[in-house]
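S.K.: Below is the structure I would like to discuss, written out as structure tokens.
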Amino acid sequence: MGTEITEPLLLDSNDTIKTVDSTEIIPEWKDQITIRGLVVSAVLGVLFCIITHKLNLTVGIIPSLNVAAGLLGFFFVKSWTGFLSRLGFSVSPFTKQENTVIQTCVVACYGLAFSGGFGSYLIALDERTYKLIGTDYPGNRAEDVMNPGLGWMIGFLFVVSFLGLFSLAPLRKVMVMDYKLTYPSGTATAMLINSFHTNTGAELAGKQVSCLGKYLSISLVWSCFKWFFSGIGDSCGFDNFPSLGLTLFKNTNFERQPACTIFFFFFPGYKIGIQHCCINGLSVMFFFDFSPTYVGCGLICPHIVNCSVLLGAIISWGFLWPFISHHAGAWYPADLSSNDFKGLYGYKVFIAIALILGDGLYNLIKIVIITIKEMCKKSTMQSLPIVREVQDSETSKLLLEQRKRDEVFLKDRIPSWLVAAGYVGLAAISTAVIPVIFPPLKWYFVLCSYIIAPALAFCNSYGTGLTDWNLTSTYGKIGLFIIASLVGSDGGVVAGLAACGVMMSIVSTAADLMQDFKTGYLTLSSAKSMFVSQLVGTAMGCVIAPLTFWLFWSAFDIGDPNGPYKAPYAVIFREMAILGIEGFSELPKHCLALCCGFFVAAIVINLLRDVTPKKISQFIPIPMAMAVPFYIGAYFAVDMFVGTVILFVWERINRKDAEDYSGAVASGLICGDGIWTIPSAILAIFKINPPICMYFGPSSSG
């Protein structure tokens, strides 16, 4: 699974939502879902699925694209209606409710590219991952291999992806109106959409779209230009630009140097890869690939996330891996291949797992405690006598606005019997079908998952509403470990990974649904239109996400540790399943001790973030973000840091412009590079190679 990293975003008490116009006409729920809206949702769903796959298969960090979805949805429909109006056709007005439905549909669609396991549990079953771990590695069996196939992937998504929507739909009033959960991302999206549909907001949205289009074009043209010079193999093109001079470039493959020096060259758009440090046979690789994608990610992700990634890269590739490499021959055999789990590769994978699990466990316990405390608090408050206060005109106006939102939200009810029947029916179908796709995962394990899933989905949705932390991957890993250990060595890997997928799909879609209900509540959109658009978006995702992944799978070497699409989480998830069965017996020397140390460190760091004042805690790194480069490499950390430096300077020069346009710039950089993936994949499928190999070398001495 990729790691969708978001910083908790709690609205300040002084923040207010755009006021509701009492004369505003609210369309019927059927009118909020339009043909043009569904067409735009499908187009954007394809684009965002491709972007998500690309990020998932490279570094595993997925920034939130909700703002881009809302902005591009606004742009496409406005362009559509404007064009038809010029031709003399009569078109229905574009409302914020329709904009909300489009955004909901797109997010539901590309969300399956993330939670569908195309960079984690599904691809962890493939033959390349099996061979990468080692055919003779204990617990890694050839029988536990399932290569990706369009048929079974689409079928699996259809039987597991809808249950989360039905599990919590009856609780929408409790979560949104009674508990008044913040759902920060949903609230921020609602504020954005509300602002689009005002005179001044529409003007700003037009400027943002223009900005997005400009940087999208630059990114797309640059990616195309780079391709022409990339030749065949890995020694051509801008990936091998001698950024620090030819002397250092010539020494990128030297062996057994006594120390390692890391150079960082901070220029926008430049990538400096520090894939290997230079001790005991490891090579230093400094290169540009001029990729705008990770700079765009740096512009979107919070500063602390980007700095945490860079810190993790420095700790691992600057100090830890060189130190461990120095003990080759004592801690592990010195003659092992670079991908052997009994050597340095094992330290990289398992220490990254320890950090991820430590961070996930801490946040899970934290969210459960917060949830219980808040529920008890609200229960106590409801039992207290009500005191009516004299209200001024402003308070009265706010109450009228809230009543209107409540009225619209409750007007179009979703029948409880329909939701219950949908959940039971889908659970029955899924319980029968999943064991056919994954025979080791018996029907009774699936049934037990669906019995406890609504409770876990509620916890995740409630926690997301309070803190904006979506712990989908943590619940998935819990299911993975439990089922893998229960099934044992005979099929435990397949059963654990499949169970991980079942659990992730339910808790992820349930949290997304509640976020969208919050957005719909604040934009005066019908709850029924939100629910239907989620269903439609999920159905789109069940087809679009596998098809766009198949484009990558057919065109590129997915999972190659030396290629651009390493699929890093595939190895991590398969190793977790093996770990659940075999334990720690095969780890290299001192690896378990180091894992325990980093596991505890992740918990302590999170604890410090929570107990220290905000002026201090804002500088304490996030362990989950630090863990990403431990295994993947440091090559993307500088780019993301460049993005955060650009944003930091921009905020100091003109904070309003940075707030208004940074998301558009970042989305343009990411989308442009993502769009180029389609033609480059088609060229690769037809075996059309770049025509030029550009190589950098010293000039002749004459």
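Cβ atoms here come from the backbone N, Cα and C positions, even for glycine.
Pasting the feature list from TrEMBL:
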TRANSMEM  33-53  transmembrane segment
TRANSMEM  59-80  transmembrane segment
TRANSMEM  101-124  transmembrane segment
TRANSMEM  150-171  transmembrane segment
TRANSMEM  304-324  transmembrane segment
TRANSMEM  344-365  transmembrane segment
TRANSMEM  414-437  transmembrane segment
TRANSMEM  443-462  transmembrane segment
TRANSMEM  493-514  transmembrane segment
TRANSMEM  535-555  transmembrane segment
TRANSMEM  591-608  transmembrane segment
TRANSMEM  628-650  transmembrane segment
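Can you tell me where each of these features sits in this structure?
M.R.: With a threshold of 8 Å between CB atoms, the same-chain residues lying at least 6 positions outside the transmembrane segment (59-80) that come near it are 1-6, 36-37, 40-41, 43-44, 48, 51-52, 91, 94, 98-99, 102-103, 106-107, 110, 114, 119, 185, 188-189, 192-193, 196, 205, 208-209, 212, 294, 296-297, 300-301, 309, 568-569, 625, 628, 632, 636, 640, 663-664, 666-667, 670-671.
If you look at the transmembrane segment (101-124), the same-chain residues 6 or more away from its ends with a CB under 8 A from one of its CBs are 1-2, 4, 32-34, 37-38, 40-42, 44-45, 48-49, 51-53, 56-57, 60, 62, 65-66, 69-70, 73, 77, 148, 153, 156-157, 161, 189, 193, 472, 476, 480, 497-498, 500-501, 504-505, 508-509, 512, 516, 519-520, 525, 529-530, 533-534, 536-538, 540-542, 544-546, 548-549, 558-559, 567, 569-574, 577.
Residues 152, 155-156, 159-160, 162-163, 166-167, 169-170, 172, 443, 446-447, 450, 454, 498, 502, 527-528, 531 of the same chain lie 6+ residues outside the transmembrane segment (414-437) yet bring a C-beta within less than 8 angstroms of a C-beta in it.
Outside the transmembrane segment (443-462), and at least 6 residues removed from its termini, the chain residues within Cβ reach (under 8 Å) are 163-164, 167-168, 171, 175, 179, 181, 367-368, 371, 374-375, 423, 427, 430-432, 434-435, 470-472, 475, 479, 483, 486-487, 495, 499, 502-503, 506-508, 510-511, 513-514.
Within its own chain, the transmembrane segment (493-514) has Cβ neighbours under 8 Å at 1, 107-108, 111, 114-117, 120-122, 124-125, 139-141, 144, 146, 156-157, 160-165, 167-169, 172, 175-176, 181, 183, 186, 430, 434, 437-442, 445-446, 449-450, 453, 456-458, 460-461, 464-465, 470-473, 475-485, 487, 530-531, 534, 538, 573-574, 576-578, 580-581, counting only residues six or more beyond its boundaries.
Remote same-chain residues near the transmembrane segment (591-608) are listed as 346-347, 350-351, 353-355, 357-359, 361-363, 366, 584, 617, 620-623, 627 (criterion: CB distance under 8 Å, separation of at least six residues from the stretch ends).
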S.K.: As a test: from 304-324, 344-365, 535-555, pick the stretch that has the greatest number of Cβ pairs under 8 Å with the transmembrane segment (150-171).
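M.R.: Ranked by Cβ pairs under 8 Å, first place goes to 535-555.
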